[in-house]
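The Zn(2+) binding site annotation in TrEMBL covers A:HIS260, A:HIS264, A:GLU299. Annotation comment: TrEMBL describes A:GLU261 as active site, proton donor/acceptor.
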Number of protein chains: 2
Amino acid sequence: MSFEAFRAEIGRLADVLCAVNLLQWDTRTMMPPGGVEGRAHQLATLTSLAREIATGPALKSAIERARDTLAGGGSDAERDEVEFAAGAIATLERISSRLVSEAAELKTRANAAWIEARREDDFAGFAPFLQRTVELQRDIAAAIGSEGHPYDALIGTYEPCMTLSRLRPLLDELRTELAPLLAKARDLNSGVDLAMKRFPVERQKLFAKELAGRLGYDFARGRLDDTVHPFEISMTRGDVRITGRFREEWLPAGMFGVWHEVGHGLYEQGIAPELTRSAFAIDFVNLYAVGGTSFGMHESQSRLIENRVGRSRRFWELHFGRLRDAFPDELAGVSEAGFWRAVNAARPGPIRVEADELTYDLHIMLRVEIEAALIAGEIEVRDLPGLWRERMRDLLGIEVSTDREGVLQDVHWSSGMIGSFATYTLGNVMGAQLFEAATRDRAVSAGIDGGDYGPLRDWLGHHIHRHGRRFPAEALLERATGEALSTRSYLAALRAKVDGLAA
Amino acid sequence: MSFEAFRAEIGRLADVLCAVNLLQWDTRTMMPPGGVEGRAHQLATLTSLAREIATGPALKSAIERARDTLAGGGSDAERDEVEFAAGAIATLERISSRLVSEAAELKTRANAAWIEARREDDFAGFAPFLQRTVELQRDIAAAIGSEGHPYDALIGTYEPCMTLSRLRPLLDELRTELAPLLAKARDLNSGVDLAMKRFPVERQKLFAKELAGRLGYDFARGRLDDTVHPFEISMTRGDVRITGRFREEWLPAGMFGVWHEVGHGLYEQGIAPELTRSAFAIDFVNLYAVGGTSFGMHESQSRLIENRVGRSRRFWELHFGRLRDAFPDELAGVSEAGFWRAVNAARPGPIRVEADELTYDLHIMLRVEIEAALIAGEIEVRDLPGLWRERMRDLLGIEVSTDREGVLQDVHWSSGMIGSFATYTLGNVMGAQLFEAATRDRAVSAGIDGGDYGPLRDWLGHHIHRHGRRFPAEALLERATGEALSTRSYLAALRAKVDGLAA
């Protein structure tokens with residue numbers, strides 16, 4: 001009975017957080033401009049109610065009573081869930097209400113300043129807000145606490161158990177190994193320039209949706225809408241929404257963007273039904289309703305679908321015909337092989353979100369280094385534009401001409417997010433490990449070979465999705481692959497790709 | 001300072017109720033089928049949080065402190081608002097949490113049973129749920145209390161200050177006066193049968209939207225989406241959404257439906273900015289974020305736009321050309337006068353929502369009589385199918401062949417709503433009074449004559465919309481028109497219309 005009482009209180013929290021997710025989804029897809037001010041109030045009130053429930057006496061005493069009862073019985077899953085909630089709430093409580101409300105208030109102003117600064121290419125206009133963000137995030141890091149580098153506390157809010165000292169060798173390894181691959185790949189020209197054509201948006205969307213369904217996304221428990229910056233968001237496993245942005249002038253962005261979100265969506269749609277409204281579907285520290293266990297593991301699912309599946313040669317052998325049916329004029333004279341080469345072209349550029357697989361992680365390295373040094377107080381905000389240019393030269397061999405294409409390009413810092421960038425690379429790495437392990441299963445590899453992605457989804461569902469947040473990312477990874485976190489699979493996949501492109 | 005503290009707590013309540021409205025909007029427009037179960041939990045949790053805030057100690061002490069401070073100063077508006085909240089909360093508290101949760105739980109089951117019963121034309125399958133609904137509504141009526149008929153308490157939850165004894169003479173008057181009008185009108189055939197054509201839905205929507213904008217609906221603070229049963233809902237005055245249902249086979253339903261919702265939308269968009277997140281934008285008894293002062297006054301705005309403006313001869317003299325441009329083939333050979341006659345055709349039928357202006361109120365009378373007798377215990381649920389047939393014969397002279405087209409047609413009872421039907425007729429009556437008063441203003445009548453509805457919207461905004469829920473409906477009506485509630489304007493408008501149709 002007392003576990004049910006605990007679940008009832010957790011359910012209330014989950015309901016409020018799912019409502020917050022709907023407000024967020026609506027803000028980014030449907031809300032008319034006039035709704036901005038009201039929405040800010042609604043989000044603030046619901047988020048503060050969620051915090052009140054999460055840290056309130058009712059949940060605390062429910063946890064205590066559940067512990068007492070479960071000591072004399074109950075399942076491992078029940079005990080795990082109660083302890084998971086207790087631990088997460090303790091971390092949440094270390095971040096005081098004052099810090100939370102200061103961060104929320106700063107975020108609104110910093111974001112507006114960033115939009116303006118980016119438009120005007122005026123780093124100085126954003127610098128004071130970034131300075132204040134760094135200070136506040138330092139305070140949050142100190143409040144959470146960490147044994148090693150202060151940056152670890154922030155990384156941990158996105159990727160529990162990850163630390164800077166474990167990230168660095170992994171990133172160094174990638175840098176060393178990616179360099180020759182990039183050198184080899186950048187000289188390979190696909191001969192197809194997709195940017196020369198205009199692809200009507202409605203047909204792009206139909207094609208992307210068709211493949212989203214084939215990849216296993218369940219539209220009876222989701223929907224695809226337009227937005228400016230695509231995202232996936234979930235209101236329990238029964239309602240997992242994805243968004244896309246389609247542009248006439250660049251076909252790949254729209255469809256790969258959708259399949260990326262499909263990867264996230266499969267994760268949330270695959271959470272076990274019994275975890276609905278449970279503690280294992282709540283990110284307590286970020287007060288966010290989500291079933292995926294960490295940002296990195298979530299990203300592993302999206303990268304796996306987008307890159308390991310969607311950019312593979314076999315995928316386009318199977319589906320290019322449908323794409324050419326949808327765009328007979330636009331793709332006249334383009335071969336399946338040429339198209340595959342075009343969507344895998346490697347070309348160093350200044351913008352992270354436009355980067356290919358061989359350069360993406362170099363963008364992440366730059367950001368991790370800078371964030372760690374900022375939090376440690378080793379560099380100053382005012383030095384960032386110069387530092388950015390210098391490191392881009394070292395890492396990617398390119399000249400950054402404006403801050404708009406440099407230090408001002410990402411939304412993260414203006415949203416108070418410091419510590420999240422590494423999860424993109426962790427996603428690349430874990431996604432490749434999981435894909436390699438999944439395709440050792442004959443049913444999975446045969447399915448992919450024949451264009452049936454059901455066995456892949458089921459494998460991921462069984463090993464990853466259904467568990468929700470019960471197990472940490474690396475524990476899940478090891479159980480699923482028999483291997484600890486490692487760049488091996490990822491580098492092997494990239495090497496194979498470059499070899500294919502060179503063939 | 002203490003009024004601000006009161007407003008802060010009221011603001012939190014308003015935020016939660018606006019979030020509930022967004023959940024409701026989403027449920028009826030966007031939510032995938034898989035979201036049903038989660039959404040029910042989210043709505044239940046947010047509604048109960050709203051009740052906790054509304055009846056909680058923080059708001060109570062804020063009211064007491066505000067009263068103390070305002071006794072020695074403060075504006076009438078501030079004092080009015082605090083007393084309005086205090087009175088409304090007292091009513092809300094009379095309805096116990098037990099009654100509220102029983103009603104919520106019954107509603108879910110009763111609604112499912114009603115859908116099934118209507119599909120199968122099986123009144124007996126719905127009867128036990130209706131019986132339980134009547135009993136529960138009797139308990140709620142008793143809890144609220146009333147000086148006269150017990151039904152008055154329920155009417156009052158939708159139309160404060162209205163009573164059965166005041167409704168009856170008004171309804172009798174309409175019945176007496178409408179009979180000869182109907183007799184005269186039903187012999188007039190427009191010669192145009194719109195049901196013979198198919199009107200592509202996308203063009204219907206474009207035309208309806210274009211006119212919605214001309215009628216003053218601000219799309220920067222709203223949006224129009226598809227739904228099954230059209231409605232308007234507001235998340236503060238900056239985000240007021242309307243919905244429509246367009247069918248190829250019946251052009252008038254879609255466009256008049258949209259303009260009806262535009263009338264509601266103008267009301268909510270016209271609430272004074274300073275009433276945002278105030279007690280005057282909350283229906284405490286129904287725990288609903290709404291700025292309009294009563295269901296009847298809200299309906300007066302929608303009926304005014306739909307019928308007094310949208311079905312007028314002048315409206316189609318001005319806009320039929322645009323409609324014919326949109327549907328050149330479908331409307332070939334149809335004249336502006338013929339079209340106007342077609343959308344004003346009077347024809348008694350069994351279904352309320354399809355009724356024309358001359359028969360609509362007769363449908364309401366039937367329902368008001370039945371509801372009052374059910375609540376008073378003068379009739380039994382099992383007698384309703386027969387009683388319905390009998391009264392439809394008396395009132396409209398038609399034979400009802402099935403319960404699906406009779407007692408099972410409305411969603412209201414299955415949603416626990418008893419007492420709301422009269423507000424449709426009150427809307428017709430008040431809408432006509434307000435339109436008559438508004439058009440005594442030369443700018444308003446000249447605007448309407450020239451197709452500029454801005455002056456009409458401004459007049460309604462000044463006299464009705466901006467006040468929110470500060471004044472009761474009839475007080476507003478008297479201030480705006482110089483006249484008490486009366487059928488005179490409404491009957492005059494209908495007489496003039498029938499005379500026009502007969503000319």
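Glycine is treated like the rest: Cβ placed from N, Cα and C.
All features noted in TrEMBL, drawn onto the structure.
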residue	record	CB count, 10 Å
A:HIS260	Zn(2+) binding site	24
A:GLU261	active site, proton donor/acceptor	28
A:HIS264	Zn(2+) binding site	26
A:GLU299	Zn(2+) binding site	27
Hey, for the Zn(2+) site built from A:HIS260, A:HIS264, A:GLU299, who else sits with CB inside 8 A of the CB center?
A:GLU232, A:GLU261, A:GLY263, A:HIS298, A:GLN301, A:SER302, A:ARG303, A:ILE305, A:GLU306, A:GLY427
Round to the nearest Å and give the CA-to-CA distance linking the residue listed as 'active site, proton donor/acceptor' with A:GLU299 (Zn(2+) binding site).
9
What does DSSP call the residue listed as 'active site, proton donor/acceptor' in the simple three-state scheme?
helix
